[in-house]
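Colleague: Below, the features straight out of Swiss-Prot:
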type	residues	note
BINDING	E34, K73, N134, T135, G136, K137, T138, S139	ATP binding site
Amino acid sequence: MSIPGLGQAVHAARTAAPAAVAHTNIHELQANSEWRFEVAIGSSIEVKVLSGTAEIFGTELAVNHTYTFHGTKSSIYTWHGCRLEVNGPCEEYTAEETPMISYINTHFALENLRSDAKKAGQDGPRVLIVGPNNTGKTSLAKLLTAYAVRMGRQPIVVNTDSREGMLSIPGSLTAAAFKSIVDVEEGWGSSSTSGPSPVPVKLPLCYYYGLPSPEDNVKLFKPVVTRLALAATSRLQDDAVCRETGMIIDTPGVISQGKGGYDLISHIVSEFAVNIILVLGSERLHSEMLRRFSTHKTDNGEAITLVRLDKSGGCVDRDDAFMQQMREATIKEYFFGDAKRTLSPHTQVVNFDELSIYKVKEAHSMQSAFLPGGEEEVEPTQYEKVEPTPSMLHCIFAVMHASTRDSQDTIRDASVMGFVYVAEVDEKKKRMKILAPLNTRVTDRPLIWGSWPEAPVNLMG
């Protein structure tokens, strides 16, 4: 299963407007400058470092190696200056003002905490990154992860943003231990596939939420986060190198505003025993976090440190159309691979009565508001069991590590085996054709149908 990250970009700005590049160009970058580029969906560029040193979100680029980037917004930074060869069409410009000094200082501060943790036999820093949408949270998470790996560390990286996938399809929450370099061409890299990979693959633990925003169903989001935290914390305790390195936790921008969002941040802080909070691009959020956590301590008695970091000027707004195209590209690559690896999904036809499909409920917290006297449901459920219908065409189902006989709570807490795509629904014959990464039975597993990612285009066309 090839599951690239979404490759979104961060990093600082300059007032100059981007210029279109259509052919081979040579760029001479001065020390402490950044080359920012945007590649349209369906297009690609090739970049080669001819001399000097350069990196993408902390991962160093090899000299004279050609890197290919498809449909992304990204940046290349150089500490000492470099010479780049760029081949292909993109929007690009060079910025000299960047927040990299503050970011690298943050990395060194975390390294000191990791060294202290190793000496004391304690847990390393559990870092939570918060901030509004499009402030570079994921890019900072990549950068801190890459720098930690370059120091010989093995951070556990956690994604709690269901709108974008980390080593998985959007709609899921994941955690993975990073022991090797991040694949700069694929964002976070890829998980294990049936084909070869030039960069060591990652092995994520995946849980399915299935909605775009935590606020769409808080009563489902919170227990899924709790289960993810339990799994990540257990891994931390079982691996000495991971334990001293700690965690890096990415969050959705939507929870960085309003009381409901702040309560979700508090839940994440509590479940992951967070002791470092990095606030990106919002003084108001930083003030609120100080009010909530300046006197707060973890269960181990550790104080919570808050650090406000500037948003990079290179952060750009990614409109809904761009993000939808990215999700569709991610799903297509999951089943069919990319330009480097061609994958062949297995096709199987299953009868309607063989499937156990559960639909994720939305806005469940609102339903009890209409009960008399403010009463709540005795046993609220997060899923609704549904029969196959034509509306499932082109949708994605999560195949759970559970039995069809299990309770809904057990199914919710189970990890994801993989995903299947509904290629055809035949109501007359009561059959459904699905695509799966591997030739495996899905009829003995519960399938979860969420509204996120939304139904993509016809992958078979």
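Cβ atoms here come from the backbone N, Cα and C positions, even for glycine.
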Colleague: Within 10 Å of each Cβ, count the other Cβ atoms and name the one among the binding-site residues K73, K137 with the highest count.
Modeller: K137
Colleague: Please compare the binding-site residues T138, S139 by how many other CB atoms fall within 10 Å of each one's CB, and tell me which has the fewest.
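Modeller: So among T138, S139, the binding-site residues given, the one with the fewest Cβ atoms within 10 Å is T138.
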Colleague: Reduced to three states, what secondary structure does DSSP give T138 (ATP binding site)?
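Modeller: It is helical.
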Colleague: For the binding-site residues N134, T135, which one has the sparsest Cβ surroundings, going by other Cβ atoms within 10 Å?
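Modeller: Among the binding-site residues N134, T135, the lowest count of other Cβ atoms within 10 Å belongs to N134.
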